[in-house]
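J.: Quick one: this structure, given as structure tokens, is what I'll be asking you about.
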């Protein structure tokens with residue numbers, strides 16, 4: 001409970017708030033230095049505590065506080081200006097200590113987390129042993145003294161916490177205690193910072209735990225009469241390193257009448273415990289801002305020791321008066337940084353009820369509204385009819401099939417490259433009609449059979465195909481592994497492993513149309529080394545089978561994850577051994593191959609719309625192949641594709657114009673490629689870690705971007721940032737990306753394998769960053785803020801010269 005209280009008060013904004021409290025009300029604060037992370041100390045009862053406040057300049061005054069309460073010099077706590085001493089600490093001395101040093105030009109703040117071990121456990125242990133010695137002196141094998149306190153085996157704690165495991169036991173002679181981690185002896189040099197073992201308390205203590213501390217911890221207790229053991233499982237939850245995120249639109253502007261009640265709400269998302277405060281902007285001598293540009297504010301509501309975050313997220317104003325009108329700010333901060341949103345309260349006097357309009361006016365209004373509604377309904381019906389006709393015409397002109405008299409005619413386009421030799425013939429409707437059974441599917445029960453054309457260039461006899469195990473399910477069908485004979489025309493007896501796409505048992509007519517459409521699209525696109533290629537199809541005398549290349553190593557995301565080096569913070573599995581080492585060259589090669597595949601698809605006028613590591617497959621020879629491109633739409637005659645149906649959207653991979661306007665272009669695919677690059681260099685990490693999807697929209701509009709992965713060079717990160725440019729036309733083309741990655745691949749071809757213990761800047765040439773970042777923030781390590789004067793991503797504020805720097809100068 002003490003640690004929870006300490007984390008709750010570990011905040012960046014305490015210095016600002018206390019400085020304002022110490023000054024006269026309404027006076028703007030001196031600009032503060034950004035405080036560092038709190039320093040943590042753990043002491044035993046009776047030890048001496050000495051803390052020192054080290055300011056960068058001569059200080060005029062130093063103030064010490066404990067849990068936000070000012071300390072005074074006394075017998076127990078001695079204060080010597082910039083030093084604080086407690087000769088013998090007690091458990092009640094645990095808490096968050098802070099020193100505030102006021103200087104001529106700035107204020108300096110330091111925080112200290114102090115934890116004093118309670119001796120109660122030791123007393124309990126001693127009393128148990130004394131009782132045992134009095135009651136029994138006979139030889140006895142070890143037994144647990146307090147088994148009820150050992151029932152909780154799984155302990156999930158946030159990073160930086162202190163963890164204690166206890167295995168108190170009785171026995172005669174007194175048993176010995178040994179600790180194991182993951183079945184092996186646990187030694188102090190195996191952990192950064194070591195650990196403490198208190199034999200008399202049967203306890204192991206690990207301070208400031210990190211993700212690499214995850215695992216199974218076993219206490220082995222034994223004497224010459226026997227042994228017992230108990231295992232605790234520790235899971236360290238990594239914190240999401242970013243400042244608080246406030247929900248967009250909150251608090252909202254309010255309008256109230258004198259005497260009524262008003263509520264402002266502020267929704268805060270933060271992994272480190274946030275500190276929330278409500279402020280009201282005031283005027284001093286007719287001005288709302290001080291000489292340094294900071295606003296005059298008055299604290300209305302501040303978190304106390306027993307105040308919950310939910311209570312702090314709501315500000316209630318009872319019996320509103322005209323003086324309550326003005327600007328209110330929700331200020332939230334943690335150890336990483338701070339955020340704020342403001343709203344206005346407008347107060348009116350009670351308005352007397354207005355006289356009701358006469359009967360004639362009401363009748364005219366009713367007639368006008370009725371006429372308007374009728375016009376709207378007629379217009380809507382006409383537009384819907386026109387849209388339906390246009391959609392039907394477009395559907396007939398596409399590669400997709402449409403049913404007419406129990407036949408599915410296919411119309412092929414001829415504006416394709418010679419690589420797709422099978423599609424060079426101008427489109428007749430049916431080459432050679434043949435019936436395709438629906439297999440009695442319940443969804444296709446109304447249509448017992450379909451007629452599909454036979455394409456001799458791609459047709460594969462069913463007796464040459466042996467289906468194997470399922471590989472997965474797609475949006476309208478399933479994929480099976482299979483062995484096919486005769487795929488290689490030069491070696492007709494050779495057996496090849498393939499993947500077969502087919503419909504599920506509950507498929508609809510549209511599902512069949514989509515599968516055929518994808519097959520025809522793959523025929524037209526042609527073959528390329530870095531895409532999944534069509535090998536053939538079974539369209540006659542049975543269900544439709546679409547035969548494509550088989551990728552033995554699955555998708556790129558899982559391929560990277562199983563090859564993470566031990567100790568990487570994204571994943572921990574003590575029993576997992578990396579399949580093979582990954583080098584910088586390997587990662588760049590993955591990106592280069594995907595870029596080549598996308599360059600080819602772009603040359604064929606195909607937009608992927610769902611480019612991500614999960615949609616890139618890896619062959620046995622580590623060749624990257626882009627999958628599901630057959631679902632893309634042909635855009636020979638238009639420059640963009642606007643999605644008009646609502647479905648599951650991969651929002652964390654989507655460009656802003658696709659998210660907000662549903663416009664898909666090659667440039668939106670480039671944005672997705674930038675996110676895929678981030679996935680590659682985090683070895684399968686999840687984009688925007690710790691950020692709720694509903695907050696992603698606002699953050700992207702404000703120009704936030706993900707930070708550089710630790711295994712990524714500066715040049716490659718600049719490539720990602722180019723892909724994430726707010727203006728689509730300013731993003732690179734896939735042709736340019738292929739050229740840049742080719743150059744990078746040649747420069748990194750002889751580098752060593754990944755070493756996560758050192759910085760990877762050594763792999764990057766001297767690559768100057770010429771990008772301007774007029775509003776970048778170093779306080780947010782999940783995103784970096786990139787916005788320029790010509791980019792439509794600047795935050796929108798009411799016109800005031802000092803808005804946007806309300807609480808801290810940049």
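Cβ coordinates come from backbone N, Cα and C, glycine included.
From Swiss-Prot, for reference:
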BINDING   471, 472, 473, 474, 475, 476, 477, 501, 549, 550, 551, 555, 614, 628  ATP binding site
DISULFID  53-99  disulfide bond
DISULFID  167-219  disulfide bond
DISULFID  266-330  disulfide bond
DOMAIN    28-115  domain 'Ig-like C2-type 1'
DOMAIN    147-235  domain 'Ig-like C2-type 2'
CARBOHYD  107  N-linked glycosylation site
CARBOHYD  113  N-linked glycosylation site
CARBOHYD  216  N-linked glycosylation site
CARBOHYD  229  N-linked glycosylation site
CARBOHYD  253  N-linked glycosylation site
CARBOHYD  285  N-linked glycosylation site
CARBOHYD  306  N-linked glycosylation site
CARBOHYD  319  N-linked glycosylation site
CARBOHYD  358  N-linked glycosylation site
MOD_RES   450  phosphotyrosine
MOD_RES   570  phosphotyrosine
MOD_RES   572  phosphotyrosine
MOD_RES   640  phosphotyrosine
MOD_RES   641  phosphotyrosine
MOD_RES   717  phosphotyrosine
MOD_RES   753  phosphotyrosine
REGION    787-810  region 'Disordered'
TOPO_DOM  385-810  topological domain 'Cytoplasmic'
TRANSMEM  364-384  transmembrane segment
J.: Return the residue, from the listed binding-site residues 473, 549, with the maximum count of other C-beta atoms within 10 angstroms of its C-beta.
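T.: Comparing the binding-site residues 473, 549, the most crowded Cβ belongs to 549.
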J.: For a three-state summary based on DSSP, what are the helix, strand and coil counts in the domain 'Ig-like C2-type 2' (147-235)?
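T.: Helix, strand, coil within the domain 'Ig-like C2-type 2' (147-235): 13 helix, 47 strand, 29 coil.
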J.: CA-CA, which of the recorded positions 253, 266, 330, 471 lies nearest residue 99 (disulfide bond)?
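T.: It is 330, whose Cα lies nearest.
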J.: Of all the recorded positions given, namely 53, 167, 285, 330, 717, which is spatially nearest to residue 473 (ATP binding site) at the Cα level?
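T.: Nearest listed residue in space: 717.
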J.: For residue 717 (phosphotyrosine) and residue 549 (ATP binding site), what Cα-Cα distance in Å is obtained after rounding to a whole number?
T.: 32
J.: DSSP secondary structure for residue 549 (ATP binding site), reduced to helix/strand/coil, please.
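T.: For residue 549 (ATP binding site) - judged by DSSP and reduced to three states - the answer is strand.
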J.: In whole Å, how far does the CA atom of residue 477 (ATP binding site) lie from that of residue 53 (disulfide bond)?
T.: 66
J.: Tell me whether residue 477 (ATP binding site) sits in a helix, a strand or coil according to DSSP.
T.: strand
J.: Would you mind giving the whole-number mean pLDDT across the topological domain 'Cytoplasmic' (385-810)?
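T.: Reported value for the topological domain 'Cytoplasmic' (385-810) is a mean pLDDT of 71.
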J.: Out of 107, 113, 229, 285, which of the glycosylation sites is least crowded by other Cβ atoms within 10 Å?
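T.: If we count Cβ atoms within 10 Å for the glycosylation sites 107, 113, 229, 285, the smallest count is at 285.
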J.: Taking Cα atoms as reference points, which of the recorded positions 53, 229, 319, 330 is nearest to residue 551 (ATP binding site)?
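T.: In terms of Cα distance, residue 551 (ATP binding site) lies closest to 229.
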J.: Between residue 471 (ATP binding site) and residue 107 (N-linked glycosylation site), find the distance joining the two CA atoms and give it rounded to the nearest Å.
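T.: On Cα coordinates alone, these residues lie 62 Å apart.
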J.: Give me the CA-CA distance between residue 229 (N-linked glycosylation site) and residue 266 (disulfide bond), in Å, as a whole number.
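T.: Residue 229 (N-linked glycosylation site) to residue 266 (disulfide bond), Cα-Cα distance: 49 Å.
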J.: Which one is it, among the recorded positions 253, 266, 285, 330, that lies nearest to residue 549 (ATP binding site) by Cα separation?
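T.: Result for residue 549 (ATP binding site): the nearest of the recorded positions is 266.
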J.: Around residue 551 (ATP binding site), how many other CB atoms lie within 10 A of its CB?
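T.: So the Cβ neighbour count for residue 551 (ATP binding site) comes to 22.
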J.: According to DSSP, which kind of secondary structure is residue 614 (ATP binding site) found in, if we only use helix, strand and coil?
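T.: Note: residue 614 (ATP binding site) is helical by DSSP.
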J.: Have a look at the glycosylation sites (216, 319) and report the one with the fewest Cβ neighbours inside 10 Å.
T.: 319
